[in-house]
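Okay, structure first, notes after.
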2 protein chains.
Amino acid sequence: MERTHTNGELRLSDTGKEVTLLGWVAKRRNFGALVFIDLRDRTGITQLVFDETLAEQIKDVRNEYILQVSGTVLERKDKNPKLATGDIEVKVNEVSIINSAETTPIIVADDTDALEDTRLKYRYLDLRRPIMQNKLMMRHKITHSMREYLDSKDFIEIETPMLGRSTPEGARDYLVPSRVHPGSFYALPQSPQLYKQLLMVSGFERYYQFARCFRDEDLRADRQTDFTQVDLETSFLSDVEIQTMMEEMLQKLMKDVKGMDISIPFPRLTWEEAMNRYGSDKPDNRFAMELQDITELFINCGFKVFQDCIANAGSIKAVVVPDKASMTRKEIDKITELAKKNGAKGLVTLKYLNGEVSGPIVKFLSEDEIHALIERLTLKENDLVLIVSDKWRITCEVLGALRNHFGSLLGLKKKDEFSYLWVTDFPMFEYSEEDGRWYAMHHPFTRPRDEDMQYIDTDPGKVHAIAYDVVLNGYELGGGSLRIYDGAMQDKMFEVLGFTEEKIQENFGWFVDALKYGTPPHGGLAFGLDRIAMILSESDSIRDVIAFPKNANAKCPMSDAPTPVDEEQLQELHITITEKE
Amino acid sequence: MERTHTNGELRLSDTGKEVTLLGWVAKRRNFGALVFIDLRDRTGITQLVFDETLAEQIKDVRNEYILQVSGTVLERKDKNPKLATGDIEVKVNEVSIINSAETTPIIVADDTDALEDTRLKYRYLDLRRPIMQNKLMMRHKITHSMREYLDSKDFIEIETPMLGRSTPEGARDYLVPSRVHPGSFYALPQSPQLYKQLLMVSGFERYYQFARCFRDEDLRADRQTDFTQVDLETSFLSDVEIQTMMEEMLQKLMKDVKGMDISIPFPRLTWEEAMNRYGSDKPDNRFAMELQDITELFINCGFKVFQDCIANAGSIKAVVVPDKASMTRKEIDKITELAKKNGAKGLVTLKYLNGEVSGPIVKFLSEDEIHALIERLTLKENDLVLIVSDKWRITCEVLGALRNHFGSLLGLKKKDEFSYLWVTDFPMFEYSEEDGRWYAMHHPFTRPRDEDMQYIDTDPGKVHAIAYDVVLNGYELGGGSLRIYDGAMQDKMFEVLGFTEEKIQENFGWFVDALKYGTPPHGGLAFGLDRIAMILSESDSIRDVIAFPKNANAKCPMSDAPTPVDEEQLQELHITITEKE
């Protein structure tokens, strides 16, 4: 008696066949002298029927027992159209119990009301739920599809070190004390950035890796202690050539995994345009509600806030939310709160009801201004208008956050709609008022646009990077850039970032040296695999597409990691604990 | 001017074509007014010819400059049969210098006399050597081939945690201090063993992963701080069914990567037979020189060492080394030394010269015994006979080591010959005299043979595991087993290993609990990818098939990792250093 079929396989055309199935009991119900059992494996569910001759043998069988059964495929009287195998059932004539099961602490079914920590504690049962199995199987399909594309383009997968060197820039490193070198530490990689560039120096031309990366940051719904990056790098290609390949890869991915045809090239927005229109460097363009610049309407405005804003070279922008003029004072207070949380000093709201604009600031506006506003924003009955006036970037970001908020609230973010775009021409540097220095917006190895190099000493804020992000449904799916490939330009970059010669030598000397020996022009990209899997599987959290994730407290509720360890282990590592939980 | 071909591509049939090539200058030589340059990329080398019209433009060009050239493909007068493109050359009519290069600290050519630490310090140049590029490209081909097979058999790749829990059994863990949980540590995985078993509990049925694994052990030629494991697990299959799949996978691998047809099934040896015949649990059967048991010849022997051995139920075994009877006393002393290093108290050597057996112990042997020995070992002129008499396992292991030694010495280990076999039926337990307890030979989750369970309480040494290793050319390429799938048997196993209830609960409770809820029979295997790549690429060290390996001192000579870190970083991790290098 050897398994002949899986539980997702049998159809009406199999009627009459003798089959052997294996799987878990998903449901058992008695019906007179008959017993019906739904048998589950990773491919689906098949209904089994046992008559009284087998009653004794299966009397103890209940949910999550493992059975092997042989029997005959019969057409079902009550067909179940929701089930792929719903046209048939198997009349069992032989059964063997492979293993028994205690009552499970969580119910093994798609719908669950278990708390997430309970689900993570019994993850092996949580993953038995078909919905979860399908998510991980989709993740596999995704990696398979991407690998297939990259292999077809002669990319080579190369593994880079997991135990690397700690570097001061960027996020916080996870450290690993060395037993052999007392007082020294390895760092787990935040990304294979320098290694993949060195592989280009080595002449590999096209590299990829599904790389585990680590950042010791506080966790959120879409963050984990470690994550998987689809990391790639190429030599001798332009930014557009790289982007085109990635578009092809994602087009194939959508076809392979979702059966959807998407068109390429994706829309391209410069960073400035993305900020202006969506208030975000990762715009969700599944819905419109774009930001509209209305600064010019208020050049001679009597409203002091607008006056000051314009005097300080700021921007006044608006977002129109349809059908929300009926919001209560309380609801609007909440929106104002959200605006402030995102950096606004205040939020102006206007309602357009019965052909009239109303709102606290209306009294400060002229008839002409109100009329111009209605026209400019093409207001419709029941529109709610959100206006922010501040420095350009703050105005954009605040309205971007509000736009996102209302996009969700109005149900405009359809999970089964997938909208890709590129954001390009990022600023090379960001100035930190707090630290009084420039930071690299991507990283210090990003190549600036040639035509902007004239500003690098005098006005670094004007320099754009040849950097690009792929955005899907408001998530940054991946990002990359062309890289600097000559030492002099790299030195200049470090200079703008205020690195001392000593710091450069100490931290990056080993890398910068490599640029001297015939480095090819190169550039690449890295995708967040967890995010791709989350979005394509239409999940709410990346934890749903990771087999054994950490909770928001960086703990694994199943194994309890991290844990205290033996004193002896610490001694061998030449460290001691200064504080205990 | 866009690249039209790679440097490994052009053939005689391309003569007359206008082409554009890109690559590194591998060699430059002047020949009258002409300049010849070998242009290299990852696919090969093409010879370029520059005439005097371009002399000025390329006057500074030397090794490792990057050029882009356009020109015409011509038939070569002096063909180079060693080069795939050796029939042609490209007469350049346009050249552009993409990047310059300083003199490289190591020579970029297949042959190198650079010290390994120098090669590792400038790894990006070392990897530019075609021989090294080919090794890493072969490694990619290997993973590609294996993935293809596993995907075709419905295996699903699932990533398991990199930050797990430290467990006391097994090798030393690399620890990662937790910032969020003061005094607690994650451990980097030694293998995904428990996680892959839990995935079977979850019902995934067929899992694989190319998993990075970590053991903080002292390094050797075939050890690294971390290594890559082709890890897989299946449900509902027998040991032979699993082995058959693996044979198919390796058969495909040999075809895809080496173009070789190998036959399956592989020979299967029980562990006992492997020890008896080869003195090793990973026999290299590319050559014979098998161990021969000669205990029975000396039942009534006058030689006291043999007498004592037999009285103590020991074994006397011999290995015959052809053509080595001429070894000098000094050479034989060295062999004796090697025997002692492997645990022997002594080594008996005999020579067979001119039809006579000679050697120090001959005087203790009878005519009949000598005659029986000649016949039993079918000695030939000039044979050297190595005899060890000790406890069975020591006798086997010592002669196994000597057999290996002479296999190398006699050039019997051909690098381009690939001999696979299975070793099965390992003992479940090994007794440690030192610790006075039994240890699991594989791991405590290995399933014992049903028929041996009767001995588990009374004579654990008699219990065999359903465990199997794949051996290639004397290397353990992979190993696996069927696993325990019921809690009672798992408890029994822990009992034999002397684990207290408390220790079990503390360390494995989370795992053992999972066995209660309907665990399928399951089993799997893990292959050492680095080793496979090393052997198939005919390399001497796994460092040759790892892009950026650590040296034998667990250090990366390129990045200098591990390094000291800022005090601030340690404070955040709630640890302090007790000793500095």
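Glycine too: its Cβ is placed from the backbone N, Cα and C atoms.
Copied over from TrEMBL, here are the features:
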- A:136-549: domain 'Aminoacyl-transfer RNA synthetases class-II family profile' (DOMAIN)
- A:Glu169, A:Arg215, A:His442, A:Arg483: L-aspartate binding site (BINDING)
- A:193-196: region 'Aspartate' (REGION)
- A:Arg215, A:Asp216, A:Glu217, A:Gln224, A:Glu476, A:Gly528, A:Leu529, A:Asp530, A:Arg531: ATP binding site (BINDING)
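Nearest neighbour of A:Arg531 (ATP binding site) by Cα distance, taken over the binding-site residues A:Arg215, A:His442, A:Arg483: A:Arg215.
Following the DSSP three-state reduction, the secondary structure of A:Arg483 (L-aspartate binding site) is strand.
Spacing of A:Glu476 (ATP binding site) relative to A:Arg215 (L-aspartate binding site) is 17 Å (Cα to Cα, whole number). Applying an under-8 Å Cβ distance to chain B, the binding-site residues A:Arg215, A:Glu217, A:Glu476, A:Arg483, A:Arg531 reduce to an empty list.
Per-residue pLDDT, averaged along the region 'Aspartate' (A:193-196), amounts to 96 for this model. Between the CA atoms of A:Arg215 (L-aspartate binding site) and A:Leu529 (ATP binding site) there is a gap of 15 Å. Secondary structure counts, DSSP: the region 'Aspartate' (A:193-196) has 4 helix, 0 strand, 0 coil.
Taking the C-alpha positions, the distance from A:Glu217 (ATP binding site) to A:Arg483 (L-aspartate binding site) comes to 26 Å. For A:Arg483 (L-aspartate binding site) paired with A:Leu529 (ATP binding site), the C-alpha to C-alpha distance reads 22 Å. Recorded residues A:His442 (L-aspartate binding site) and A:Leu529 (ATP binding site) have their alpha carbons 19 Å apart, per Cα-Cα distance. Under the three-state DSSP scheme, A:Glu476 (ATP binding site) falls in the strand class.
Residue density at A:Arg483 (L-aspartate binding site): 23 other Cβ atoms are found within 10 A of its Cβ, drawing on all protein chains shown. A:Arg531 (ATP binding site) falls within a helix when secondary structure is assigned with DSSP. A:Glu217 (ATP binding site) has a Cβ environment of 14 other Cβ atoms inside 10 Å.
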